[in-house]
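Student: Got a structure for you, written out below as structure tokens; questions coming shortly.
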Number of protein chains: 4
Amino acid sequence: MSHNTFGHLFRVTTWGESHGPALGCVVDGCPPGIRFKLEDVQRELDRRKPGQSRFVTQRREPDEVKMLSGVLPDGDDGHLVTTGTPISMLIENVDQRSKDYGDIAQQYRPGHADYAYDVKYGVRDYRGGGRSSARETAARVAAGALARLVVPGLKVRGALIAMGDKEITRANWDWDFVESADNPFFTPDPAAVPVFADYLDGIRKNGSSVGALIEIVAEGVPAGLGAPLYAKLDADIAAGLMSINAVKGVEIGDGFATARMTGEENADEMRGGNDGQPRFLANHAGGILGGISTGQPVVARFAVKPTSSILTPRQSVDRTGKEVDVMTKGRHDPCVGIRAVPIGEAMVSCAIADHYLRHRGQTGRI
Amino acid sequence: MSHNTFGHLFRVTTWGESHGPALGCVVDGCPPGIRFKLEDVQRELDRRKPGQSRFVTQRREPDEVKMLSGVLPDGDDGHLVTTGTPISMLIENVDQRSKDYGDIAQQYRPGHADYAYDVKYGVRDYRGGGRSSARETAARVAAGALARLVVPGLKVRGALIAMGDKEITRANWDWDFVESADNPFFTPDPAAVPVFADYLDGIRKNGSSVGALIEIVAEGVPAGLGAPLYAKLDADIAAGLMSINAVKGVEIGDGFATARMTGEENADEMRGGNDGQPRFLANHAGGILGGISTGQPVVARFAVKPTSSILTPRQSVDRTGKEVDVMTKGRHDPCVGIRAVPIGEAMVSCAIADHYLRHRGQTGRI
Amino acid sequence: MSHNTFGHLFRVTTWGESHGPALGCVVDGCPPGIRFKLEDVQRELDRRKPGQSRFVTQRREPDEVKMLSGVLPDGDDGHLVTTGTPISMLIENVDQRSKDYGDIAQQYRPGHADYAYDVKYGVRDYRGGGRSSARETAARVAAGALARLVVPGLKVRGALIAMGDKEITRANWDWDFVESADNPFFTPDPAAVPVFADYLDGIRKNGSSVGALIEIVAEGVPAGLGAPLYAKLDADIAAGLMSINAVKGVEIGDGFATARMTGEENADEMRGGNDGQPRFLANHAGGILGGISTGQPVVARFAVKPTSSILTPRQSVDRTGKEVDVMTKGRHDPCVGIRAVPIGEAMVSCAIADHYLRHRGQTGRI
Amino acid sequence: MSHNTFGHLFRVTTWGESHGPALGCVVDGCPPGIRFKLEDVQRELDRRKPGQSRFVTQRREPDEVKMLSGVLPDGDDGHLVTTGTPISMLIENVDQRSKDYGDIAQQYRPGHADYAYDVKYGVRDYRGGGRSSARETAARVAAGALARLVVPGLKVRGALIAMGDKEITRANWDWDFVESADNPFFTPDPAAVPVFADYLDGIRKNGSSVGALIEIVAEGVPAGLGAPLYAKLDADIAAGLMSINAVKGVEIGDGFATARMTGEENADEMRGGNDGQPRFLANHAGGILGGISTGQPVVARFAVKPTSSILTPRQSVDRTGKEVDVMTKGRHDPCVGIRAVPIGEAMVSCAIADHYLRHRGQTGRI
């Protein structure tokens, strides 16, 4: 996709830096006539919001969304309705600390985008990572909240399934627990909470960080979304997830495990179902065959690397090429993968909403 | 991306079905003034061509490329030069067997795109998989051969590193061996050849199939390619690789392994280098930070599932919803991952060429 | 739009040069399930074909279209059906004369694209104008023939309404006459034929050329096509028509005349109609308000400049900057505007088909 | 182009309605390292601002632009520098009058987009025309102010050359006068001011409106911008101008007059020039041949229809189909063409900036 826009008919353009006055997005192409409340969007933003437990960054941002265009009040109870014109959403940055950026402005933090941005643009907003900051993902979540409303019956949920070398037990999977108040990890396994908590407390106290694995499951995806060739649904989901900060791997269905499988193990058999639609006996494919949804749940997983903002000094260079040691103080997520759960849901929701409209456009069969 | 086009400035549109008269692509936006010979393109196609060993499909296709536009003869020695206008390339299908498609036309082969295409379009070219056939990838390889010429000094190579439960030994890695005549697997480990051969002979004789893992390494990628946000280089590589038939997972650099790593392990430290560019002490990032190339080799891996064309009967339904058992005869690759090596190289080459032009366009810094 | 592609959901990519082996297009995103015959496409190409009267170029090209992908036979009577995958169409060049291009290769013909292509690309296919030749428009007409089938009830017709200083009499307008065998001008006014014939014979014998004015009327355009802002239907029609060779002006409805009008004269009043749709009392707007179709006929006009291929020597320079006199021999259209009629119809048809799918995609209201 | 975005590498996405809290745009793809002051953008907005004479709408809007992202302070004197990331600009609506929209909400004003929006979307922001209001053009002007900075040496100017049946005298053309304080019309002919003033006072007092003709001249456009086929520079200029509210016609160079010309009259002859570039002896082509700039000034004209907001009652229908008479009170421009001058400049500037980057991307020849 182009620049800071993703999607084709349901198009999201985001803008903003970590320490600028605000960030936001323009959602263009949203169908008209969708009724919702602003709190439907705010709720998703609140899930991603920093400062909600000791396991995420302590930056205090209310992340309150303002909707500046593309909607009209609909009735007296706070409902809005989309008009079909572009929806501009804005979120103010309120807790960007004023401090001396002298060192960070000149030094390249290893594992961060500092050097890459500088070599690309020759100029860089070094305040809090600038455009490469994870704060930008608030805009994605806002857009994703609208995307969820586009496809009738769509339900997109995510869960953290591994952190460092700790994994959940799949047999314990409980979707309801993911959102429970005493679960700071979006994990579906209640038994994993104390394990993750102990582990991450150790990481956090050492000023270290750790990676994570997230799984997104989209139910209610109509069969027929996606298209040959570069418009494959899985290709767009892969691009969307890989475009999230710190993501280094994406897989669909059985993913990398299929490299070890035989054709007998991998193909999802079918039997007669209801409404003329087949009933699948397995879902190794993750709901997508030939790039097109089959009506089964769409399953994607992605790996989030540990943030490179750590207290241990690391070797690096500065803008002049001088060798320096870099240590990243400040407020950071010890496991950025936690808050990646609602972000991943948002990207999958946007990809599905976009393909829903594209499929309807080309075929008229929805 | 849209429909059957990928790339933004270096744009590739492919067309064609398995059993139609021909397939091909239009490469639009190629820089003018690139000198090459038709055999530079043909050589890449020959690497992907079927029928070259007992381990790939026995369909006999010369895959001879014709270049119909966008180039001029340049001198008397067979050189061509690009003119900057669209380059149309065409490859005839010559070995599409005339046979009775009665069953396949009506039945949905499990694991194939049959049902998905039918539910999407309501009509389907069932002959040899139609548009979802891997024959389409010949067009990608032709486009990739041009993409390689766009970026001065670019070298993109791929290798098969695992097949089923057999893996190479990385210590044996020998790029030269990948292309050697007695290596039917594009594997970089000479010791792996007999292992893969024995294993795949067993698979093949059982009428089964198996998945594989491929690694692509791009050297000579200038720092600065890629951009926030959906134009991240890794996002476009992920989309490109995921759009290849049968691919179910993509990772960059250490990929999924980063989920288990700490920040200390993962960040690539830097020291002073030459020409004002830093020297990296590791490449966990796979040459991409913040979506932008760092000048290190770009490393991507992808998983290819086993083809679902197997002799063991599988449960399925037909177009009317009737339950049937499907057994796929005919000529098939027991491990489609083998020929995916040049295809993966092509997709990575196209993504890099596209971003090279986009970076030059926006910044003028190349 | 990008490069050699136009349209968003109904996407047409054309390729080919005047003197290459062939030209063609890929139509991507065509809805599946459209039944037609190849002769439906050929018929449109025949209307644009050269050599059909003494008033157009004498180059002999059968312009026979081959359809290489994206369709299946449907029944035994020659019908085809679209499958939803890309449709590749190819037209061979058969009458590109082998001759000495020595002069033209080095000289810039005034009014032609020779200098512009050279300064842009540094290399140029000088044979017959290369990519800038009007032969490329055959591909547009082929694509337009499919576009016409996308929108149920759509009828797009065009007519030549002025040539040089000769104009038709609107009171004589007869759509049926436009296609009649004794009308070499696509003019709707039978009385204009002898006037145009005399006039153009004089032009032709002098080795001169002349411009023309064409009007396109699209009936059966559903209300609601087009969208703010750059996706306005009139903006896309303007771009499409302006992209035709030699076109220098485009207007919608009353067009330039509206600059002289008052608000009272210009606004199209409405009264109650049938089916809840208003009945318009005039069509100054040319069927488009706010960039969106109103259900009235869409009316567009465009001006075609005289070709610069004339026998009178003109001052110019060659590639080295040396001053030369250029005289263009060879086979040319004395009034390229004549054959622009089916081309204009094609571009308007493509824009409408694209917006039909886009409107259906976003709103589901068709 | 798609939806509310124009441009390909220099991409502008606008959003906002007449009576919402704000409007704005995101400029994505702007080159990094461009130094400017916020007042460079504000100055352009001030030129388009309402309420500056009795000849334009009396709505009081300061149109003060806020820049929310994509720039950094550069030095202490108020300079900013672009960072290469998206630039979000916001303009608050401050004078949207609170009033009873009862009638307008239900009725379709003839000549306005009311019916078209309603039939398309099924819902409509009727307050001040909603998205179809000319207030949106403020965002275009802001984007255009940045576009002007992208191409070194580019100068884009516009002028009103006709209003109703009054025309300027070209011999009087004085670019400096266009911006003079005692010229409320952006006209280049001092002698035309009293003529236009008298004429428009009459129109205004009658509650009527009138159309206008605007000419845009871009100097300093490098040769080589634009490309076959849909990426022709004139096609993108035509689309950009036609996308402005109330524009019904666009022409390049001699435009519609070329329909009456012969090849001898129309082709611009060349002689040897400086720096190896030819010197053109005329500019009938308006600086564009084959869709590519020649280095001559790019000349475009467009016709703006009279606004349909008039005091004379007009026949129409309401949303229920009931016949009504509509009279549009409120604050309106009696000649919307006047303020279209800076808007037209903005659109031409954006198209040229975009093609400058695209040309550099594909060819590296700038």
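Glycine is treated like the rest: Cβ placed from N, Cα and C.
Here's the feature list from TrEMBL:
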type	residues	note
BINDING	D:R48, D:R54	NADP(+) binding site
BINDING	D:R131, D:S132, D:S133, D:N245, D:A246, D:G290, D:K305, D:P306, D:T307, D:S308, D:S309, D:R331	FMN binding site
Student: From the Cα of D:R54 (NADP(+) binding site) across to the Cα of D:A246 (FMN binding site), what is the distance in angstrom?
Tutor: 21
Student: If you measure D:R48 (NADP(+) binding site) to D:S133 (FMN binding site) at Cα, how many Å is it?
Tutor: 14
Student: In whole Å, how far does the CA atom of D:S133 (FMN binding site) lie from that of D:R54 (NADP(+) binding site)?
Tutor: 20
Student: Does anything in the same chain, at least 6 positions from D:K305 (FMN binding site), have a Cβ under 8 Å from its Cβ, and if so what?
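Tutor: Listed in sequence order, they are D:G111, D:G211, D:A246, D:V247, D:K248.
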Student: Return the binding-site residues from the list D:R48, D:R54, D:S133 for which some CB of chain C is under 8 Å from the residue's own CB; sequence order; 'none' if the set is empty.
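Tutor: The answer is none, since no candidate qualifies.
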Student: Under DSSP, is D:R48 (NADP(+) binding site) helix, strand or coil?
Tutor: helix
Student: D:S309 (FMN binding site) has how many other Cβ neighbours within 10 Å of its own Cβ?
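Tutor: Looking across every protein chain shown, the total is 24.
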Student: List nothing but the one residue from D:S133, D:T307 whose Cβ has the fewest other Cβ atoms within 10 Å; the candidates are the binding-site residues.
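Tutor: If we count Cβ atoms within 10 Å for the binding-site residues D:S133, D:T307, the smallest count is at D:S133.
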Student: Test of understanding: give the count of other CB atoms lying within 10 angstroms of the CB of D:R131 (FMN binding site).
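Tutor: Result for D:R131 (FMN binding site): 29 other Cβ atoms within 10 Å.
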Student: Long-range neighbours only, meaning 6 or more apart in sequence with Cβ under 8 Å: which ones does D:R54 (NADP(+) binding site) have?
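Tutor: Set apart from D:R54 (NADP(+) binding site) by at least 6 residues yet with Cβ under 8 Å, we have D:P184, D:D201, D:R204.
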Student: Just name the binding-site residues among D:R48, D:R131, D:S133, D:A246, D:K305 whose Cβ comes within less than 8 Å of a chain A Cβ; none is a fine answer.
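Tutor: Sorted by position along the sequence, the hits are D:R131.
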Student: Across the listed FMN-binding residues, D:R131, D:S132, D:S133, D:N245, D:A246, D:G290, D:K305, D:P306, D:T307, D:S308, D:S309, D:R331, what is the farthest Cα to Cα distance, given in whole Å?
Tutor: 44
